[in-house]
Amino acid sequence: MAQILPIRFQEHLQLQNLGINPANIGFSTLTMESDKFICIREKVGEQAQVVIIDMNDPSNPIRRPISADSAIMNPASKVIALKAGKTLQIFNIEMKSKMKAHTMTDDVTFWKWISLNTVALVTDNAVYHWSMEGESQPVKMFDRHSSLAGCQIINYRTDAKQKWLLLTGISAQQNRVVGAMQLYSVDRKVSQPIEGHAASFAQFKMEGNAEESTLFCFAVRGQAGGKLHIIEVGTPPTGNQPFPKKAVDVFFPPEAQNDFPVAMQISEKHDVVFLITKYGYIHLYDLETGTCIYMNRISGETIFVTAPHEATAGIIGVNRKGQVLSVCVEEENIIPYITNVLQNPDLALRMAVRNNLAGAEELFARKFNALFAQGNYSEAAKVAANAPKGILRTPDTIRRFQSVPAQPGQTSPLLQYFGILLDQGQLNKYESLELCRPVLQQGRKQLLEKWLKEDKLECSEELGDLVKSVDPTLALSVYLRANVPNKVIQCFAETGQVQKIVLYAKKVGYTPDWIFLLRNVMRISPDQGQQFAQMLVQDEEPLADITQIVDVFMEYNLIQQCTAFLLDALKNNRPSEGPLQTRLLEMNLMHAPQVADAILGNQMFTHYDRAHIAQLCEKAGLLQRALEHFTDLYDIKRAVVHTHLLNPEWLVNYFGSLSVEDSLECLRAMLSANIRQNLQICVQVASKYHEQLSTQSLIELFESFKSFEGLFYFLGSIVNFSQDPDVHFKYIQAACKTGQIKEVERICRESNCYDPERVKNFLKEAKLTDQLPLIIVCDRFDFVHDLVLYLYRNNLQKYIEIYVQKVNPSRLPVVIGGLLDVDCSEDVIKNLILVVRGQFSTDELVAEVEKRNRLKLLLPWLEARIHEGCEEPATHNALAKIYIDSNNNPERFLRENPYYDSRVVGKYCEKRDPHLACVAYERGQCDLELINVCNENSLFKSLSRYLVRRKDPELWGSVLLESNPYRRPLIDQVVQTALSETQDPEEVSVTVKAFMTADLPNELIELLEKIVLDNSVFSEHRNLQNLLILTAIKADRTRVMEYINRLDNYDAPDIANIAISNELFEEAFAIFRKFDVNTSAVQVLIEHIGNLDRAYEFAERCNEPAVWSQLAKAQLQKGMVKEAIDSYIKADDPSSYMEVVQAANASGNWEELVKYLQMARKKARESYVETELIFALAKTNRLAELEEFINGPNNAHIQQVGDRCYDEKMYDAAKLLYNNVSNFGRLASTLVHLGEYQAAVDGARKANSTRTWKEVCFACVDGKEFRLAQMCGLHIVVHADELEELINYYQDRGYFEELITMLEAALGLERAHMGMFTELAILYSKFKPQKMREHLELFWSRVNIPKVLRAAEQAHLWAELVFLYDKYEEYDNAIITMMNHPTDAWKEGQFKDIITKVANVELYYKAIQFYLEFKPLLLNDLLMVLSPRLDHTRAVNYFSKVKQLPLVKPYLRSVQNHNNKSVNESLNNLFITEEDYQALRTSIDAYDNFDNISLAQRLEKHELIEFRRIAAYLFKGNNRWKQSVELCKKDSLYKDAMQYASESKDTELAEELLQWFLQEEKRECFGACLFTCYDLLRPDVVLETAWRHNIMDFAMPYFIQVMKEYLTKVDKLDASESLRKEEEQATETQPIVYGQPQLMLTAGPSVAVPPQAPFGYGYTAPPYGQPQPGFGYSM
């Protein structure tokens, strides 16, 4: 059976499996501030990244592109601190925001989160704390001690309150790593240097101390060895005993001489110190005693970072392989381990008590029983109370303490036991009952309350029942804590806390009998019953049936309470609650009608029986409520006529709920019953509902009762809003009949809805005394003529004067017209006009009189108004008309009068005298009217003069429209008459613009020729000359040349450009030539006429440089390069040298180009010119001139020219140029092309450029100059990027030997790199495999192993392949290769060395199979090597299958110590086969893991007796005693048979063996069996058997021994019984605990307790002196 371990070891993840580069797993790049996150800085390609691994989701690492020197994650949240140089930043990753930043003055060499919001910063000189909250800067805590100078800082720790700070560093001194620490006290501000490697702080509460102590633990590996120190820092808190210092040795194995502590964490849960060393060892120490609990190696690699593992209260760390490992205390095993393995029961007890750990149950039980048996009840009580997991807190323990009587003057052991339990915490259920029973019997209820408040008792239903008889409220508290719903609710009801019942029931999910509860509550208090009932129905789903609840109310005749309950319960007005609503109203209508009225008034309910309630309301005198509920018309009419009993406002609203027919019937009934009383209410109803009842029906209703008063008031209420003409008419009628004349006037004046004709006729027939309503109607609706006739014929002339004077004076013209129609006297009319003068429209008056041809009637009145200074146009218009008709000098009036309306008077004159109409229209600038008159009467001369004088472009545009049929005669008059007469330039300008705007070019030319060519005032006008030429260009191009030659005062450049745009190139050329603009002239010839010959002739004629330049440019564009260059030379113009050079390059005119560039160089020393001149000289092969030129002063780009010459293969010229600028790289390339290899190599050496070396090298290879090629190649191969191309170049041409020679020569170079060694290895594999092994053995560390692996595999170099796999740590592939190619690759030592390192264990079994097939004699050696990781069961099964077990017997013997079943059985089978019974017996005794029964059954049939003996031994070992004894008897193994029978403890088997001995007459054996099986045999049976077989002599020694033992037992029993009687007599005189008058637990300080003996195993119990407070002492 495997040994139990006190720790649990776990690998959480492998960082390399998450894609983390192994090179980045180290102290400088990986941080772990807690067990939540791991943070790694990596570089992927050129990008720096930070990888954050959340330990709760490790398979999804977070990668962020962050370039920082260091990154540490917050211990709890996704907040990261970054350091880059001296800049510190804190970021919140989830919020994607920067929280804080700071720039330090010194470099931070180490930093660490010391809490959730504080970072510690360590510089070369000091330590700072930086809070991430607020805006605070880092705060300096202390300066670094000189002892840490030059140390690498590896950790920084603080205690829980950050009062003690510790900085840890290491340094190399005297071939060992020395640890240095600086301990700093914040309160004292002092430091202490300490030698140490790892340390931590812990809070530990010693037994007997009230406060925790701050402990400082540190480990050191000095020259003398390792030590762990545990000390208390600072002054112990008041009342605390100081913690005794501990210093224990730390064991380091002999093979780990250089090992030292690197990390320490302390488990607060278990008070265990975890110490980790550099070599991967873990040590566990007890914090209190310093005892080493366990030590083992957990990692082959250094664990360089650790943190507390919160989930297990252990330690978690990362090693250099990337394993994330954790170690914690195995709670189930640590106590048994300390007890059994360490043999330290004291420590086991201590830890079990202190940390509540299981595993020490037997120790505690043994100690308790021992103390109890000794009578040390006080210590026994402490042991029982302190035992972990409450293993001794059982009813049996309480009964044992109850059975012990209390000593006089002392507290009983039971109460001592309870006192200790109360000190420690809560009592369990049984303990609480047993303690409370005597407390309540003594009336100490307050003690119980105190314990409940302190949560010292475990509440139960039984405890509640016990308390209830004393205090129901306290019992309620107990039931609540015990969660006994039925008892809780019962107590709530009994104590009147009904409001809590429903809430509690819902909370715990309990459903009691609510109706039963309600009856009980109602019996006690109706008000509380009502409250409880309301709580039952307050939810959407009532807890009880509401009908049953109402029945309970009615049982106690609680109408008021029931009403209040139902009002609340039925407030949601559900359809299903209709019967309950009816019941509520019914009970109140019978007993409290006013309450019912209020309920109905609130309209809370709608689902009750309305008919039944209506009848009850009528009986109760609630007519209004009855009407609300009646649906039958008969019932409604019966009630509604009693209006004196009803609220009028309500009754009006009530009618809104009736149908139209029912409403009219009720109104009719009300009017019939008492019209005087009910008329007003009927009018109100009619007014409000007239739209629904229809106004017509209501009018007919009132008319049927001849109630014009009702009709007037009804219609008066709606007439202001009604649009019905009949309503307005009926209202006017009713008002007339009731004498309301003022209302008639108002409605006639304001209403727009009545029929005016109908009202007019009614008012005429009504013969009212006041005609004002009629006047209003006629005035509003234009019945003035009828009104005048009616009033004039009825001799009511005074109303006519009233009308025009007071009502509407503006109607005077119509009235005058009417009076003229009835032949009224002119004097009357004139007087009427004079009376109302100025308040009417003169135009209308004139129109009315004019229609009747009586205009002269107004002449005196008009002249009088003008005399008065009237400027009204209408007056003057009328006067003008009279003068025109009477021909009273009208033209003078029209020209001089400024007030008349020209348009009106002109219109009046059109048919009478067109000339007068023109005068009137011209005076008023009535353009359109004047044009129409002139056109109709052919007055074009007048019109043309008017238009010229008017100067209106829009007016011109209207008459010059093509659609105007009078345009031509008008234009003729304008040209011949109007413009000839004018001297105003503006009039001419407007006219010309008008012709231009109208697009009349021919007419415009005609007009302009008249003006310009006929020697008028405007002949030399520049704009008119321009306009004439431009118009000709547009309209008649044949005249353009004539105008150009005749006219001189025009804008020549502008006109010429316009001519060009209209393609009149010859005209343009003539203009330029006339005005000597030669450059423009030649431009026209070149660009527009396109005749270069004419241009050349023109250039020769004028011989101007600018003209030659333009001609040259044109010739260049046409490709006439030679001619163009000649022209440029004549122009002496080098400005276009770039275009000339490009054209000459394209056409190859190099000789001409040389001439041009030489001319250009004289003008301008441009770099471009000189550069192109050099290239032109090279192209013309003038190398001597070229060399002379470049050796002289110049600005040319010689390098650029050299490159061009090189590109065009002019190598001689290029050679001169490159040599001139010392470009040895290109010079070397040029020399290569010239075949001068040696000179090319020299040039390449001077250039020292990789590209040049490559070019020269490749050229030398092509020229088979391998010596020179190697010289070049040695400069190339040192560049890894160029190596592949060079190798391919050699290989493609088959020069393998030369390539290998070059690479071999290159290996000794200073800059030799991995690629060279790799490629040479690959070449060896292909072309010289015999050299590859030697090369690899020398340089395997400098080759790219994966590439060489592929090459070796392709070349079938299996030995070399294995060698590489081994060096590359691909051990699996190495083994596979050796097994696949044993002839070439297998070597025994190498195979056994590599096989132990493989990752895939399956290869072990393939290796076994391989050895079995090829090297069977070496198989055991292999198995010995494989055994640590081999599955022995599988291996044995395999060898059994292939029947080779004997071959591997040495292996099986070597691994049998694992006690493997398959191994054991296989070896046992081999021993049986070899008949080696001694080896078989040894194997069986040493290793028990095999099928015992099967082996025994097999051996019992074996031919050799020793094997059958082993079978009996096996049967015995498996409790098959009978088979074992029978087998011994069969083989006469008497001694074995007796021994096995004795060991069986089976009396029957022993007696059967005795009988068998007698049957076989083996009397000596009989005698021996009596003593061997002495304890099993019954004396009477032995006596009978011996007597019957007459062998008493053989049995006599047995009987003597039996008699001796029995007599001794009887003597002891007698003495014991006597002692017991004496004790009973002494006990009867002492009282029992419950008979005491006072509870011993509350006896107070007067009870003295003697000092107790200490616990066993070195455990010291806490001193028990004064009683502890909190148990009810000092009552």
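Positions of Cβ are set from backbone N, Cα and C atoms, glycine also.
The structure displayed is predicted, hence computed values, not measured ones.
According to Swiss-Prot, the features are:
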type    : residues  : note
MOD_RES : Ala2      : N-acetylalanine
MOD_RES : Ser67     : phosphoserine
MOD_RES : Tyr184    : phosphotyrosine
MOD_RES : Thr394    : phosphothreonine
MOD_RES : Tyr899    : phosphotyrosine
MOD_RES : Ser1167   : phosphoserine
MOD_RES : Tyr1206   : phosphotyrosine
MOD_RES : Lys1441   : N6-acetyllysine
MOD_RES : Lys1441   : N6-succinyllysine
MOD_RES : Tyr1477   : phosphotyrosine
MOD_RES : Tyr1487   : phosphotyrosine
MOD_RES : Lys1501   : N6-acetyllysine
REGION  : 68-107    : region 'WD40-like repeat 2'
REGION  : 302-330   : region 'WD40-like repeat 7'
REPEAT  : 979-1124  : repeat 'CHCR 4'
REPEAT  : 1423-1566 : repeat 'CHCR 7'
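Close to Tyr1477 (phosphotyrosine) in the fold, though at least 6 residues off in sequence, lie Phe1471, Leu1504, Glu1506, Phe1507, Ile1510, each with a CB less than 8 Å from its CB. Considering only the modified residues Ser67, Tyr184, Tyr1206, the residue whose Cα is spatially closest to the Cα of Thr394 (phosphothreonine) is Tyr184.
Under DSSP, the residues of the region 'WD40-like repeat 7' (302-330) split into helix, strand and coil as follows: 0 helix, 20 strand, 9 coil.
Neighbour list (Tyr1487 (phosphotyrosine), Cβ cut-off 8 Å, at least 6 residues apart, same chain): Gln1456, Asn1457, Asn1459, Asn1464.
In this structure the C-alpha atoms belonging to Ser1167 (phosphoserine) and Tyr1206 (phosphotyrosine) are separated by 20 Å. Considering only the modified residues Tyr184, Lys1441, Lys1501, Ser67 (phosphoserine) has Tyr184 as its nearest partner by CA-CA distance. In the three-state DSSP assignment, the secondary structure recorded for Tyr184 (phosphotyrosine) is strand. Comparing the Cα of Tyr1206 (phosphotyrosine) with the Cα of every entry in Tyr184, Tyr899, Lys1441, Lys1501, these being the modified residues, the smallest distance points to Tyr184. A Cα-Cα distance of 115 Å separates Tyr184 (phosphotyrosine) from Tyr899 (phosphotyrosine).
Put simply, Lys1441 (N6-acetyllysine) is 25 Å from Lys1501 (N6-acetyllysine) when counted between their Cα atoms.
Here the C-alpha separation of Tyr899 (phosphotyrosine) and Lys1441 (N6-acetyllysine) works out to 143 Å. When the modified residues Tyr184, Tyr899, Tyr1206 are compared by the number of other C-beta atoms lying within 10 angstroms of their own C-beta, Tyr899 comes out lowest. Residue counts for the repeat 'CHCR 7' (1423-1566) under DSSP, split into helix (H, G, I), strand (E, B) and coil, are 114 helix, 0 strand, 30 coil.
In the predicted model, the repeat 'CHCR 4' (979-1124) has a mean pLDDT of 76. Using DSSP to sort the residues of the region 'WD40-like repeat 2' (68-107) gives these counts of helix, strand and coil: 0 helix, 23 strand, 17 coil. Sequence-distant contacts (6 or more apart, same chain, Cβ under 8 Å) of Lys1441 (N6-acetyllysine) do not exist in this structure. In the three-state DSSP scheme, Tyr899 (phosphotyrosine) falls into the coil class. Break the repeat 'CHCR 4' (979-1124) down by DSSP state and the numbers are 112 helix, 0 strand, 34 coil.
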